[in-house]
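Structure first, commentary second.
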Amino acid sequence: MAGYEYVSPEQLAGFDKYKYSAVDTNPLSLYVMHPFWNTIVKVFPTWLAPNLITFSGFLLVVFNFLLMAYFDPDFYASAPGHKHVPDWVWIVVGILNFVAYTLDGVDGKQARRTNSSTPLGELFDHGLDSWSCVYFVVTVYSIFGRGSTGVSVFVLYLLLWVVLFSFILSHWEKYNTGILFLPWGYDISQVTISFVYIVTAVVGVEAWYEPFLFNFLYRDLFTAMIIGCALCVTLPMSLLNFFRSYKNNTLKLNSVYEAMVPLFSPCLLFILSTAWILWSPSDILELHPRVFYFMVGTAFANSTCQLIVCQMSSTRCPTLNWLLVPLFLVVLVINLGVASYVESILLYTLTTAFTLAHIHYGVRVVKQLSSHFQIYPFSLRKPNSD
């Protein structure tokens, strides 16, 4: 398994023909962030590899997740009567979130600046972004948490899925149209949440207990913004882009079934994980919300990475992700009835297996493409220049 090759010869050949094609129409991105990133990228030395910038940003997102997990392990820290997260933590998380977002914005500019753009760089960037979704959403949850003034763990689970589906829609679009339409919600959410983290440190979590307007609480605003952005911006724009490609006869696939294949695994993951929650004898989501979110987010990231590989290499996306097989078996066992401690063991075991499998997938794919393009993933030196 250590030397297993996930990228087929057909896909490697497809990567050789790949040309980056993306459209960004977000005013915030075009008129504010890109000029800012164009300035920031000049600070980086020209010997710094773009993938190292990408990975550093991802590690900051993971660090924020772990930091908040330490101070708010069960999402009750922001609830009345509980020990709150220290103010300095909110400041650190806010700054690091914006730095991570900035690094994600300048890595591509560094690649073009150093003439080191490769398909591996794009795959590495978007692959890590797919895993960052769960870290980002779960960290944000601590602002409101659960309890009388917060959001229930099940509502947050549904909101997580709204974000996950919003993310994969962009890559589903590219799989079908050949063009990556960058979503508006990403830039807006990153800037807004970074600001909210800092504000939380200044005014305290108690400020979010108060109604935003009439009896409309800030937690309701948080929920409405995520759902509203997905339903009123992301989904309509994705469907519009797809329809335009159809009208222009530029769709890459002629079959509706084949066009929808990339969504099969994410949809089945949603069905199976939701069934587990509903059938759980020990109310597993209430017991271990953070671990359950992470399990779902990791499985989702793996399916999304496989889609990105196929989309960039112009090959067919797998119908189903094999990681869903053990999840299906666990849900089947849960439905038959198990003790509470057994269910917890199954969750932690499955989460560990998913994490190791996804890391293995990522490492092997990076090694394969690095070897194929004869590059070092974290250095601008060529292998034959040693």
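For all residues, glycine too, the Cβ spot is worked out from N, Cα and C.
Heads up, TrEMBL stuff is auto-annotated, nobody curated it.
Now, the feature entries from TrEMBL:
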TRANSMEM  47-68  transmembrane segment
TRANSMEM  88-106  transmembrane segment
TRANSMEM  127-144  transmembrane segment
TRANSMEM  150-170  transmembrane segment
TRANSMEM  221-243  transmembrane segment
TRANSMEM  255-279  transmembrane segment
TRANSMEM  291-310  transmembrane segment
TRANSMEM  322-339  transmembrane segment
TRANSMEM  345-363  transmembrane segment
**Item:** Highest-contact recorded stretch vs the transmembrane segment (291-310), from 47-68, 88-106, 127-144, 255-279, CB pairs under 8 Å
**Value:** 127-144
**Request:** Please indicate, using numbers and ranges, the residues of the same chain that are 6 or more beyond the transmembrane segment (88-106) and have a C-beta under 8 Å from a C-beta there.
**Result:** 33-34, 36-37, 40-41, 44, 53-54, 56-58, 60-61, 63-64, 67-68, 71, 125, 129, 136, 139, 190-191, 193-198, 200-201
**Complete:** Spatial neighbours of the transmembrane segment (255-279) not adjacent in sequence (6+ beyond its ends, CB under 8 Å) are 154, 157, 161, 164-165, 168, 171-172, 175-176, 285, 292, 295-296, 299-300, 303-304, 306-307, 310-311, 316-321, 324, 327-328, 330-331, 334-335
